[in-house]
Amino acid sequence: MFKLLKQVSKANSLHCTSKPNLYGISIGLSLSRNFNISATMFKSSVFNLQDASKDQVQEFLNSFDTVLTDCDGVLWIDNNAIPGSAEAMNLFRKLGKKIFYVTNNSTKVRSDFAIKAQQLGFIASQEEILSTAYLVAHYLKGIGFTKKVYLIGSNGIGEELKAVGIRHYGIGPDPVKADFKSMQPSDLDPEVGAVVVGFDEHVSYPKFMKAASYLASEQVLFIGTNTDERFPKGGSIVVPGTGTLVRAVETCSERKALVVGKPHSYVMKYLESCGLNPARTLMIGDRCNTDIELGVRCGFQTLLVLSGVTSNKDLEKLRNEKLPPLPDVILSKLGDLLTLIDQHSMA
C-alpha cells in the first residue's frame with residue numbers, strides 16, 4: 001500500500017540536549033529566531049492536498065522528519081477522535097517521523113494527555129507531550145521562582161507546578177458575595193510572587209479582583225498559558241477560550257502577560273532548544289493565528305485542517321484576502337491523508 005512512501009527510521013523523544021537561556025524573555029522580546037528558513041514547494045500557497053498528484057504526495061511526505069501537531073480540533077474534539085486522525089498519526093510514526101503533541105490546552109498534565117491519546121487510538125508517550133501547563137512550570141522553575149502562585153486555572157497547571165515544587169492557590173470556585181467590594185489588603189497572600197492565568201471553568205469577579213490586586217505590584221510576575229479566543233466545538237455553540245480570561249486580567253490589571261503557548265516567544269525558544277530542523281518539520285493545526293503562525297515564525301512547513309476552529313468560510317476569506325499567516329497546504333481533516341495515499345498507491 002505504501003510503496004510510494006520513502007521510509008526513514010528515527011527515534012522519538014522530546015529530550016532537548018542544548019540549554020539556551022529560555023528565561024530572560026520579556027514581553028517586548030522580538031519574535032525573531034535563529035532558524036534558517038528554507039523554501040518549500042507549497043510555501044504559503046494554501047494548496048489543497050486533495051488536488052495533489054502522486055509525485056506531489058510522495059514529495060510532501062518525504063519532505064519532513066518531524067511532525068508537531070495540535071490536539072483539540074486536529075486529533076480529537078472533546079472525548080471523540082476525529083475519524084482517521086489516529087491512523088494518520090500512527091502512520092507518520094511507522095514511517096519513522098518524530099511525533100510531538102503541542103497543545104495550548106492547560107487543563108491536564110502531560111501524563112493525562114498521553115493517556116487520553118492512547119485511549120483514542122494514538123501511540124503517544126508523556127515525553128512527546130508539550131502542554132502550556134508544563135511550559136508554565138518549566139518557565140518558573142527555570143528562573144528559580146520560590147514564591148507562591150495565585151492561579152486562575154485548573155488542576156493541570158496546579159499539578160505541573162506541584163511537580164517542580166512550586167506552591168500555588170486559587171483553583172476551584174471563588175463565588176461573588178454580596179459585599180465583594182469590601183475586599184481588604186489583608187485578604188491577599190503576601191507570599192504570592194506570580195499570577196498565572198489558564199482556562200478556569202470557575203472564573204469569577206473575585207478572582208479578577210485578586211489577580212489585578214496582586215499585579216498592582218510590578219514585582220509580581222504575570223503569566224498566561226495562551227490567547228486562544230475559543231475552543232473547537234461543533235454546531236452553533238461558542239465556547240470562549242483561555243484568551244478571554246487572559247485579556248480580562250490584562251485589562252483590569254493594566255499589565256501584559258508573558259504568554260508561554262503557541263505562537264509566542266517561549267514555546268518557540270523551547271522548540272528551538274530541541275534541535276529540530278525547521279525546513280524538515282511539519283506543523284499541523286486547525287487555527288491560523290496560533291498553530292500556523294507558530295509554524296511560519298519558526299520556518300516549519302504547515303498543514304491546516306478544517307476539522308476544528310477554521311471553517312471553509314474562514315478559509316475562503318484567507319485565500320481571497322491573502323491574510324497572513326497562510327498555511328502551505330490544507331485538508332478537510334487529517335484522516336483524508338490516508339485516503340489520498342490509498343488513491344495514489346500502486347500494488
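Each Cβ is built from the backbone N, Cα and C atoms, and glycine gets one as well.
What TrEMBL says about a protein is an automatic prediction, not a curated fact.
Cross-referencing ASP286, ASP314, ASP328, ASP336 against the Mg(2+) binding annotation in TrEMBL, which names ASP70, ASP72, picks out ASP286. Shown are the recorded positions ASP72, ASP286; of these, the residue with the fewest other Cβ atoms within 10 Å is ASP72. Taking the centre of the Cβ atoms of ASP70, ASP72, ASP286 as the Mg(2+) site, the nearby residues of that chain (Cβ within 8 Å, site residues left out) are CYS71, GLY73, VAL74, LEU75, THR103, PRO232, GLY285, ARG287, ASP291, GLY308, VAL309. In sequence order, VAL102, THR103, ASN104, LYS262, ILE284, GLY285, ASP286, ARG287, THR290, ASP291, GLY308 make up the list of same-chain residues 6 or more apart from ASP70 (active site, nucleophile) whose Cβ falls under 8 Å from its Cβ.
In the three-state DSSP scheme, ASP286 (Mg(2+) binding site) falls into the coil class.
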